[in-house]
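Novice: Dropping a structure here in structure tokens format, bear with me for questions.
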Amino acid sequence: MRIVVLGAGESGAGAAVLAKVKGFDTFVSDMSAIKDKYKELLDKYGIAWEEGHHTEELILNADEVVKSPGIPNDAPLIMKLKEKGTPIISEIEFAGRYTDAKMVCITGSNGKTTTTSLIYHIFKSAGLNVGLAGNIGNSLALQVATEQHDYYVIELSSFQLDNMYNFRANIAVLMNITPDHLDRYDHCMQKYVDAKFRITQNQTPEDAFIFWNDDPIIKRELDKHGLRAHLYPFAAVKKDGAIAYVEDGEVEINEPIAFNMEQEELALHGTHNLYNSLAAGISANLAGIRKEYIRKALSDFKGVEHRLEKVATVRGVSFINDSKATNVNSCWYALQSMTGKTVLILGGKDKGNDYTEIEDLVREKCSALVYLGLHNEKLHAFFDRLGLPVADVQTGMQDAVEAAFKLAKKGETVLLSPCCASFDLFKSYEDRGDQFKACVRAL
């Protein structure tokens, strides 16, 4: 059987190693340059690869294709494979066939990286044999091929869920659903919602579905997806059947085992982080982790880089790196958590954004705006009418940081929370955040 892997990043290289280890004829093709570390990995296992182009005759003869999540489902090569009837799956789907480990899977428009990292931290602190995979950590397929774990904690994007069919999440966590990546879903919100709910497919009554009970889209969709798993809704306050919430300053989790701790002991602050902590607490509770381990891990977690990360205070101006805010709702959470006046740096590759969601918060919290991107017309069209001072930067991070610093008064905060993807001026949101931190420290 011939397996072709399209894309040789973390997920593709890992899938190729697993395919080779399982005895398949394996070939890897990447339209871009392959990083040296992945070339070395492929060479170590004797896997044939190509970069910079796709040789169709070496791909269209595949029995099955493992596709990187970054490749759109309507790419010409993918359409040709579909016409031939070739099965196209994700790395997670492929890896799931070869492990009996328990799968704890997290998705949502926002909060998934923090929640995933927090669940992994609790499981690891409690001494469980656990791997971290998906959008963060190492490739699930590579871990399955080289170091079997009892549990995997997996962050899943909608793109990864799109090509999953038989994979089963023992614990599925859905943090929220707000418009994101609509450019990949024909600007159709329902298609994006359906992709997120794929995390519940194949679940049985022995499995768990944890979700935010106050999300209007999730509540509307619950009856549409034939859910079979046991439901564990969480919310900020006790209502509408929520089994985890805060009451009188206490975090309460009622199922499957009663658990409580003081809210002020949580390492992460802010409403959005409360939800992350509740979802993680329920997951750990379901895994049978002792209460004292859950309490300790929820109170000593260090947070996630590029997510509301405090960088420095320079001459009375605080700088916060929220480069991971690649959609409008993420920025909404960031602005909501600001206690004083804020200079907001936003912009980048727009994904069909509707900025109405943050308009009121921008009016209330922001003293100035810095547009950072190659094409800032949409930002001008929406925000200029608010009458705030604006700097338009199309050159790079250093000019954006300097412009924001000039606009900020002592006691104010400069917040990088872009609402957009990074790919117009930066390699990734990590690159954007790293450049921001370096420029701030150079002020």
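Cβ coordinates are placed from backbone N, Cα and C, and glycine is handled just like the others.
Keep in mind the model is a prediction, meaning the values are calculated, not measured.
Not my notes, these are from TrEMBL:
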BINDING   Gly108, Ser109, Asn110, Gly111, Lys112, Thr113, Thr114  ATP binding site
DOMAIN    106-282  domain 'Mur ligase central'
DOMAIN    306-419  domain 'Mur ligase C-terminal'
Novice: Return the count of C-beta atoms lying within 10 angstroms of the C-beta of Thr114 (ATP binding site), excluding that atom itself.
Specialist: 26
Novice: If you count Cβ atoms within 10 Å of the Cβ of Lys112 (ATP binding site), leaving out that atom itself, what do you get?
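Specialist: There are 24 such Cβ atoms around Lys112 (ATP binding site).
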Novice: I'd like to know which of these binding-site residues, Ser109, Asn110, Thr113, is least surrounded, judged by other CB atoms within 10 A.
Specialist: Thr113
Novice: Identify, among the binding-site residues Gly108, Gly111, the residue whose Cβ has the fewest other Cβ atoms within 10 Å in this structure.
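Specialist: It is Gly111 that, of the binding-site residues Gly108, Gly111, has the fewest other Cβ atoms within 10 Å.
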